[in-house]
């Protein structure tokens, strides 16, 4: 089935129904799910747990996460009985970014080395990648469709959800917030590139960057 047909079928559905419908078109082994365990992650993770609790959830451990994020990952894993698999970047390239402090002068390269290149082999082994991006978060995300075709089919089941939708859902199901939300962190990534602030204003502050490259192309890599 082509992308336009999938979008036509999925667009009128609720996020829960979209997740249910996904597994009528793709086998679990063809589905790639990643999570940053950020401030809105519990929303999609709970939906997946309701529909397909055995689905592997991949977490890219860049080695630069806040300790609170790692604790939150473990908390949600226990509470929702999630099948979490952690991925780490190439040890030598990751060490280079640490010694070079690449995040300070070339954040695109740092993201590529520690996130994009880490995930690339997995993308080649799957047909569809489930992402929790939502349109209200950035202008780029606002332009996305439920399904997008790039090097892999991207599926955005919660794309049309609002901040209020997320709050209602997480409150109703009593899902715990990220520990840093109480300290005014609204979008949380790696330690060096995250500050307090509303929306995504605290990400890569002053660097003219609002996406890590997983959801927008970044033409940089140290992998041949």
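Heads up, the Cβ atoms here are built off N, Cα and C, so glycines get one too.
Residues or ranges marked as active site, nucleophile by TrEMBL: 212.
Per TrEMBL, the feature [4Fe-4S] cluster binding site maps to 110, 111, 190, 193. Cβ contacts within 10 Å of residue 110 ([4Fe-4S] cluster binding site), excluding its own Cβ and spanning all protein chains shown: 27.
Annotation source TrEMBL lists domain 'Phosphoadenosine phosphosulphate reductase' at 31-195.
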Pick from 190, 193: which of these binding-site residues has the biggest number of other Cβ atoms within 10 Å of its Cβ? 190
Considering every residue in the domain 'Phosphoadenosine phosphosulphate reductase' (31-195), what is the mean pLDDT value? 93
Looking only at DSSP and grouping its letters into three states, which state does residue 190 ([4Fe-4S] cluster binding site) belong to? strand
Does DSSP give residue 111 ([4Fe-4S] cluster binding site) helix, strand or coil? helix
Surrounding CB atoms that lie within 10 Å of the CB of residue 111 ([4Fe-4S] cluster binding site), all protein chains: 26
